[in-house]
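Trainee: What follows is a single structure, and I will ask about it in a moment.
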């Protein structure tokens, strides 16, 4: 039975960020910054409430008679109680022999083109731990992108406008960045396990390191670009945020309406149609929040029973990173053109170059992960290197086809002029082999 390290990491980040935010908000209050205090508390307490609801929803405690658990969640102590419960289950699992076990069947990764199906016994204690891990993984994603991401953006904006970074603010920004990166990492792992549910997935340590570096560069550069643009064009940033928000929020619903599928009713049996709609809107909101800061790694599919598309779409991945890179470049260009005196001692061209290189570094680590460290890379129809080779061949073929045709056209025009200037008695027919070679060259 695995040690519940992911549960411990989720609870640590939850407690650390909440404590740092409350401490910093008291500092803002003593300094008379009421607006900064209100926003800091909002981005701290809102994800706390959403995390409590997520844990209650996953464990279905609302339909069970557990008043103490409900009280602890109302007091925002639910994650601490759940963590204590997880470690009690873990340390007591080896003492008692379980009379009832369930058997799960998983397929191993293909070796030499063959994949074996293995059976594994899962006891009640291990099943409870799996449920707790799943609940905390979802809670970490919610905390990261509905709380930590706007919190980090806010605190970095305050630091730039005040031209001062206090100890409390730097601590909160560091914890928020770690929380976002960890949430993105959990999102990647959840996406892999959902898409390849029938396989036994084992993620290696180097894969975690690669994902961590990929997400760190991607999220850090994205947040800095948004904050720089906001500091000089406060009105236009609303347009950028609303455009991103409605694009990602409406996209899954447009696909659902175009598919003509019936309204999903199998999310949770205890939910009514209104409750199902609220849950779907909340999932779409979370999907939007993730994609505003980084690639979500999962595609929301409302007409699917799992609500997640299990097909890996390289085209969507390519389009997302191309559009995001172009957007970041445009925002940085506008910041460079309209920057104010607070950036007097900042080397603006160097900062722009560093941010663009940082985003390209994130893309590089992403490609390295999919090429070498993805746990299910053997199931891909084509690898990253093969796709890049195909693209390179098409590009070289297009260049090779364009270059020979241009001089051949000029030589044909020159030869026709020579024939017109030459007397009819001295005209000689061109060699057929030359035209044959030219036609073959242009058609190659």
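Just so you know, glycine gets a Cβ as well, placed from its N, Cα and C.
Keep in mind that TrEMBL annotations are predicted by a computer and have not been checked by a curator.
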Trainee: Which stretch, out of 235-258, 379-402, 403-426, is listed as transmembrane segment by TrEMBL?
Mentor: 235-258
Trainee: Does the chain bring the transmembrane segment (350-373) near the transmembrane segment (206-229), so that three or more CB pairs sit under 8 Å (pairs 6 or more apart in sequence)?
Mentor: yes
Trainee: Give me the stretch from 35-58, 270-298, 318-338 with the greatest number of Cβ pairs under 8 Å to the transmembrane segment (206-229).
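Mentor: The stretch with the most close Cβ contacts to the transmembrane segment (206-229) is 318-338.
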